[in-house]
Amino acid sequence: MCNILNPQITKFINLSKAELAATATKIPALTTAIPKTTLPVTPTTKSTKTLTTTTSLQPQAIMMTNTASFQQLAGARLVRQQVLSTTTAPFTACPICNTGPNPCKNNGTLIITGPDTVSHITEITLKTQKHEFRVDANTNYYIDGIITYYPNYWPSETDPRIVATKPGARVIIQDNLSGAVITFANGYLCVEVPLNEMFYGNDTMCGIWGNINDVCGDDIEDKNGNQFIQPANGCRIGTNSEAFHFMDSWVVDSTVNNCVEAEVLTNITTTAPCDIQAAQNQCDLIRQAINGQGPFAACTVMGHDAIDKTFHDCAFDICHSFQLCDTLNAFALLCNNFPFTNIDNWRDIANCPYTCPPNSHFSMKTPKCQNSCSDPNYSNSSNCQDGYEQGCTCDANYYFDSNGEHTGFAFACRALNDCGCVDGNGNYYPAHSKWLDANCTIERECNDGNLTSNPVTCSTDAQCNIVDGFSTCQCDAGYSGDGYICNDIDECQDSNMCSSHGNCTNFPATYKCTCYSPFSGLQCENYTPSRHCADLQIYHKITHSGAYNISLAANYTMQVTNADLTWTEVFCDMESNGGGWTLMSHESGSAATKKINCGKTFREYVRGFGDPISLTVWLGLENVHAITAATPTSLRIIIEQCAAEFAPYQKDECTYPYFSVSDSNSQYAIFLNNSCIGPANGRNDDWITWDRNQMGPKFYAFDEDTPYNCSNTYLQTGWWFNYVNNGDLCGAANLNGIRYACNENEYQYTGKHLSWGNSPVNDAYMYLRPRDFPNYDSTTTSPPSL
């Protein structure tokens, strides 16, 4: 007796165990045509009990893949409410239970995935004995990822712990250690287990299949112990939303197949218009069985409720484009499991002919044991289970091959000379097949019924990998070949490699792009100049203030790399007024130590000096000239004024929109053509005391001083002293002057220390940034984002 998990597990999840027993614990209505088996599996001799939909397999685990998961649990209810639900989530069928003598030991999972139409299982995976046995939607069989053929005895025919056979369209996996038998086809899953302490009890099994303990109330339980059965209501399931929660609580891997947890997607009457009455009329042959009429009259033993639910499921399937004959065949398979049910002529009445592969014919009395390619005398074997079923019988002198061909049939009937080979472990391989062992060290081939073996060796530049189910010598990345001979790929032969902004160098298995500045990236595809702090913020996405290296006004027209450039450490203000400011001048520290500008020669002012990390720096005249000559530049001034008797401490800042410094030929003369714009504007902004349409004063230091010794007057600090102005021999400002402490009398420093507008000030900062920031670089095709 077998419980079937299929697109309409809609039914018996809503039945009590007593009701299940009354209907022989069968679940009806498959959605795919499953011909009767023609090659049986060796039956278990232990006393068995068929699992209900709320049970699970132990100590191993099963994964199965399906569509539209919730319908699996409460589809009949959903059908009547005309609601469609889907999921692609993997669900636990048998996880480790809390207690009990034989808890699941392998953390098995029940995967329910597939297209978002109607619910059906597409894949199962049995994990046991530290190995994985998988059957995909095309009934291909894999052991630890490697494709094998039917029949298969693992690890061998003399020690058959796991036996896989395929009698027709169904796959039967028998676990001889536990006695469990799994029967699977696309949309059909049946599990039979022996009724012993391994499977029976409160805590031996759990997960989406529940347990076997003769108590219906705990059959549907989520991972947290919440139960969804209503014992007082005949052990019916709870609400649909609760069932959704139950399913999702057993999701074990939300990354599998783009996992989508269960949810109601839509009302099928609005998204999939269907003539319900017409669909029910097509399924009327099933409903007739309730009254003992029609080709399924003998199926009345299934009981009214089971047949009625199957009838509604059939209408649901028809509304979702499933074939009527497939649904009727599923019902026939279920009915055939009941004793004394003769429905041999249902296909003729329903006009559902049974198509067989070449060299075979349909028979309602197909023997379960047919002579096969793997065992030409199987019908006389001790493993043969007597009996008949509907299906295809191979013609005389043709032998059953479970592995079939790509002709739309699940099996084939071949002449003996066209059959494959059987290895020493009793496992079958198709004719003309060729494969490598798991370690890719032996190549085997089946021809004319004989197996041959040859040693092989993968290239030293290759690995033994599983590719599409086959062990394969596969060249490493960066190499090409058949896996036995692998040649290095010269990526640099591709003219597009490294684009036009770099040089490609080939290495074994790889290559390297040496990028020309200002480009970077694996393919030199990123434009990343580093001429000033604005570049670092815009093109390198640096947002924190600090000391960074820049290639001041680098000439990017030459094919040079970053290693060829001269790099200068600067301090960048990345947070004030939009960021991107390069510190040009400032002194930091106590009043006694604020003398970095004092005593520096003209050449030192040209080169620059200081420590950007401590914000004590003079950027250098040549560097300032290079920046301002390459890009129109603004100058930002920050002035800090000590509190006085009638004035509080004040910090002002303003910006000169256009600032530049000439080259050495003009002694780095300054050009400012506008007043400083900002709060300081109007507060003694008297630096510009020359004609703004003309070049401003030159730069002087104590060793190249003005005629009036301005540098020496200002304690040997360098500045653009405006000695040509009448009545103001050294100009109105010197932001390189010596700082003083706020507790000192500022008037004693007038004309000697740091000054702005002819008044001594406590501190000053000078910052540079491209005038059109952030859209200052014509190389970019669009304004960069901040």
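Just so it is clear, glycine is given a Cβ too, placed from its N, Cα and C backbone atoms.
What TrEMBL records for this protein:
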| type | residues | note |
| --- | --- | --- |
| DOMAIN | 488-525 | domain 'EGF-like' |
| DISULFID | C515-C524 | disulfide bond |
| DOMAIN | 524-772 | domain 'Fibrinogen C-terminal' |
Across the domain 'EGF-like' (488-525), DSSP labelling yields 3 helix, 15 strand, 20 coil
Same chain, |i - j| six or more, Cβ under 8 Å of C515 (disulfide bond); the result in sequence order is C498, H501, G502, G521, C524, T561, N562
The average per-residue pLDDT within the domain 'EGF-like' (488-525) comes out at 95
Other C-beta atoms within 10 angstroms of the C-beta of C524 (disulfide bond) total 21
